[in-house]
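Novice: Once you've had a glance at the structure underneath, I'll fire off some questions.
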Amino acid sequence: MSEFIAENRGADAITRPNWSAVFSVAFCVACLIIVEFLPVSLLTPMAQDLGISEGVAGQSVTVTAFVAMFASLFITQTIQATDRRYVVILFAVLLTLSCLLVSFANSFSLLLIGRACLGLALGGFWAMSASLTMRLVPPRTVPKALSVIFGAVSIALVIAAPLGSFLGELIGWRNVFNAAAVMGVLCIFWIIKSLPSLPGEPSHQKQNTFRLLQRPGVMAGMIAIFMSFAGQFAFFTYIRPVYMNLAGFGVDGLTLVLLSFGIASFIGTSLSSFILKRSVKLALAGAPLILAVSALVLTLWGSDKIVATGVAIIWGLTFALVPVGWSTWITRSLADQAEKAGSIQVAVIQLANTCGAAIGGYALDNIGLTSPLMLSGTLMLLTALLVTAKVKMKKS
């Protein structure tokens, strides 16, 4: 695809950035992220309304990640000759449809179907987002355009959980998803108005993506990515029941905790470039080690609200290094195949999200309230050890 993009650039001679299109892509990304994480802050009322346990309701996150995993790997190959403009419009339609199906769900099955639609949009869009952005601006402006996309991600992560918690208490969880559907409609119209025709990849450009895993240190890196994100979702998916029952937070208190978590994540993302300049490998090993210690502290002393709030802030600040750090690892260690490596990374992250949320939910329902924390801490510790021992890092 990278060769095709280069050819296309030469043919189209992009001289001026299409900022309206870039911002439409960023807005779509933000909406996808917000809707992906809405169940985290609405888990309890969703479970009560549908007559299921919170652990089962958490599988609405699992199915989204599971479908997104396959979408990220195969959608770009399936639609390689299709104009990307129409594909992005389709993803925005799926986002809107997902929100409506969830808001009108009267059964767990319909809820899962709605969340599966989101998974298709999420995985497919993420697999294409970088290459889309590169085709909307001149080469010199690509870093700035990508910063707009990832800035939208950071903002979405800041507001998703606390906004969902606040609005869920105010208007009910179903109306929260109805409001999200309105955002989806705005995505559709903005994309139709601003995104130009972007021809798909010719069939002769097709290459074997998975061959990258044979390179030294790449498989270890992907396993480390899997464990770190599985550990994150084993904890974060169930932050509402853990914090409300372990630390005794009410809805208002939980909203403030989630807001603090989001702000800390935004700050961590903003500071990550300075930390990664010093040592990417140290960041990739040190961040999960800090998170493992944080999980232990929350398990032992989480009944104290100050401790619980502090852990949430530290967690948000520290985990922000993880996705940025692994993206930096890919651009340095797999620079010649960064797009294909990115597709594998998205699939690994979504598989990790699936497994983390699923096993965390099982542990919550069958072992105990703090079991998702212990699972998360163990995975983070293993990640730190694996990065230290096996992950290779090329110098910039």
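Using the three backbone atoms N, Cα and C, a Cβ is placed for every residue, glycine included.
Features from Swiss-Prot:
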TOPO_DOM  1-21  topological domain 'Cytoplasmic'
TOPO_DOM  43-54  topological domain 'Periplasmic'
TOPO_DOM  76-85  topological domain 'Cytoplasmic'
TOPO_DOM  129-147  topological domain 'Cytoplasmic'
TOPO_DOM  169-175  topological domain 'Periplasmic'
TOPO_DOM  197-215  topological domain 'Cytoplasmic'
TOPO_DOM  237-255  topological domain 'Periplasmic'
TOPO_DOM  277-281  topological domain 'Cytoplasmic'
TOPO_DOM  327-343  topological domain 'Cytoplasmic'
TOPO_DOM  388-396  topological domain 'Cytoplasmic'
TRANSMEM  22-42  transmembrane segment
TRANSMEM  55-75  transmembrane segment
TRANSMEM  86-106  transmembrane segment
TRANSMEM  108-128  transmembrane segment
TRANSMEM  148-168  transmembrane segment
TRANSMEM  176-196  transmembrane segment
TRANSMEM  216-236  transmembrane segment
TRANSMEM  256-276  transmembrane segment
TRANSMEM  282-302  transmembrane segment
TRANSMEM  306-326  transmembrane segment
TRANSMEM  344-364  transmembrane segment
TRANSMEM  367-387  transmembrane segment
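I'd like to know what surrounds each of these features in this structure.
Specialist: Remote same-chain residues near the topological domain 'Periplasmic' (43-54) are listed as 60, 105-108, 111, 168, 172-174, 237-238, 240-241, 244, 361, 364-365 (criterion: CB distance under 8 Å, separation of at least six residues from the stretch ends).
Sequence-distant contacts of the topological domain 'Periplasmic' (169-175), counting only residues of its own chain at least 6 positions beyond either end whose CB sits under 8 Å from a CB of the stretch, comprise 42, 45-46, 49, 103-104, 251, 255.
Residues 40-41, 43-44, 54-55, 58, 61, 161-162, 165-166, 169, 261, 298, 302-305, 308, 312, 356-357, 360-361, 364, 369-370, 372-373 of the same chain, all 6+ positions outside the topological domain 'Periplasmic' (237-255), place their C-beta atoms under 8 angstroms from a C-beta of that stretch.
Confidence annotation: the topological domain 'Cytoplasmic' (277-281) carries a mean pLDDT of 83 in the model.
Using a Cβ-Cβ cut-off under 8 Å and counting only residues 6 or more beyond its ends in the same chain, the transmembrane segment (55-75) has close neighbours at 36, 39-40, 43, 46-47, 87, 102, 108, 111-112, 115-116, 118-124, 126-128, 209, 233, 237-238, 343-344, 346-347, 350-354, 357-358, 360-362, 364-365.
Beyond its flanks by at least six residues, the transmembrane segment (108-128) meets 28-29, 32, 35-36, 39, 46, 50, 52, 56, 59-61, 63-73, 75-76, 84, 87-88, 91-92, 94-95, 97-102, 342-343, 346-347, 350 of its own chain at Cβ-Cβ distances under 8 Å.
Away from its own ends, the transmembrane segment (148-168) comes close to residues 22-23, 25-27, 29-31, 33-34, 36-38, 40-42, 45, 129-130, 133, 175-176, 179, 239-240, 251, 254-256, 258-259, 261-263, 265-266, 269-270 of its chain (Cβ-Cβ under 8 Å, at least six residues beyond either end).
Long-range Cβ contacts of the transmembrane segment (176-196) within its own chain (Cβ-Cβ under 8 Å, at least 6 residues beyond either end) map to 18, 20-21, 23-25, 27-28, 31, 34-35, 38, 42, 85, 88-89, 92-93, 95-100, 102-103, 136, 164, 167-168.
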Novice: Please work out whether the transmembrane segment (344-364) lies in contact with the transmembrane segment (282-302), by counting C-beta pairs under 8 angstroms that are 6 or more apart in sequence and asking whether there are at least 3.
Specialist: no
Novice: Would you say the transmembrane segment (216-236) and the transmembrane segment (306-326) are touching, if the rule is that at least three C-beta pairs must lie under 8 angstroms and be 6 or more residues apart?
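Specialist: When sequence-distant Cβ pairs are counted, the transmembrane segment (216-236) touches the transmembrane segment (306-326), since at least 3 lie under 8 Å.
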Novice: Given the transmembrane segment (367-387), which of the listed stretches 22-42, 256-276, 282-302 has the most Cβ pairs that are under 8 Å apart from it?
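Specialist: Against the transmembrane segment (367-387), the leading stretch is 282-302.
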Novice: Assess whether the transmembrane segment (282-302) lies in contact with the transmembrane segment (86-106), where contact requires at least three Cβ pairs under 8 Å among residues 6 or more apart in sequence.
Specialist: no
